[in-house]
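J.: Dropping a structure here in structure tokens format, bear with me for questions.
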């Protein structure tokens, strides 16, 4: 792999790592409470399985990112990198999708099910979740670009080879 391509992919991996760390930090620290009819309502990420899934997915992606930066992959190992980049991209996409669905219900509610929006009562919680979702989307997009770069590295010899 060319040195410029290695620098580019490592830079993208560092950006992805930063995005996953930001998503984890903001999601884990998202909590707020409100007083409703003399009852204290506390909103925190650990109350929702989808938000836990986001944190776990981002943590796995961040761990894989650190490993992929530290190890030097050459030759046949790039095929493994393509597979792991694809798995990471799918994991990030699914975890962000699940968290976004729950965040949408929290923000807008669901009149058909009788669920009221909660962001009016716990705005700090919703703001932190929004930042975590934005960072999670950034990580997923960066990993999609990394997947395309990895595919290019693996497949370019096939298309460039002369008969």
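Glycine residues also receive a Cβ, built from the backbone N, Cα and C atoms like all the rest.
Straight from Swiss-Prot, here's the annotation block:
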type	residues	note
CARBOHYD	38	N-linked glycosylation site
TOPO_DOM	1-6	topological domain 'Cytoplasmic'
TOPO_DOM	28-52	topological domain 'Extracellular'
TOPO_DOM	74-79	topological domain 'Cytoplasmic'
TOPO_DOM	101-128	topological domain 'Extracellular'
TOPO_DOM	150-163	topological domain 'Cytoplasmic'
TRANSMEM	7-27	transmembrane segment
TRANSMEM	53-73	transmembrane segment
TRANSMEM	80-100	transmembrane segment
TRANSMEM	129-149	transmembrane segment
J.: Looking only at the topological domain 'Extracellular' (28-52), what are its DSSP counts of helix, strand and coil residues?
T.: 8 helix, 12 strand, 5 coil
J.: How about long-range neighbours of the topological domain 'Extracellular' (101-128): same chain, 6 or more residues beyond its ends, C-beta under 8 Å?
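T.: For the topological domain 'Extracellular' (101-128), the sequence-distant neighbours (Cβ-Cβ under 8 Å, at least 6 residues beyond its ends) are 26-27, 29-34, 36, 41, 43-44, 48, 50-51.
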J.: Grab the same-chain neighbours of the topological domain 'Extracellular' (28-52) for me: Cβ-Cβ under 8 Å, and only residues 6 or more beyond its ends, written as numbers and ranges.
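T.: Counting only partners 6 or more residues beyond its ends, the topological domain 'Extracellular' (28-52) has Cβ contacts under 8 Å with 98-99, 101-102, 106, 118, 121-126, 128-129, 132.
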J.: For a quick check of packing: other C-beta atoms within 10 Å of the C-beta of residue 38 (N-linked glycosylation site), how many?
T.: 5
J.: On the 0 to 100 pLDDT scale, where does the topological domain 'Cytoplasmic' (150-163) sit on average?
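T.: Looking only at the topological domain 'Cytoplasmic' (150-163), pLDDT averages out to 68.
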J.: How do the residues of the topological domain 'Extracellular' (101-128) split into helix, strand and coil according to DSSP?
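T.: Per DSSP, the residues of the topological domain 'Extracellular' (101-128) fall into 14 helix, 2 strand, 12 coil.
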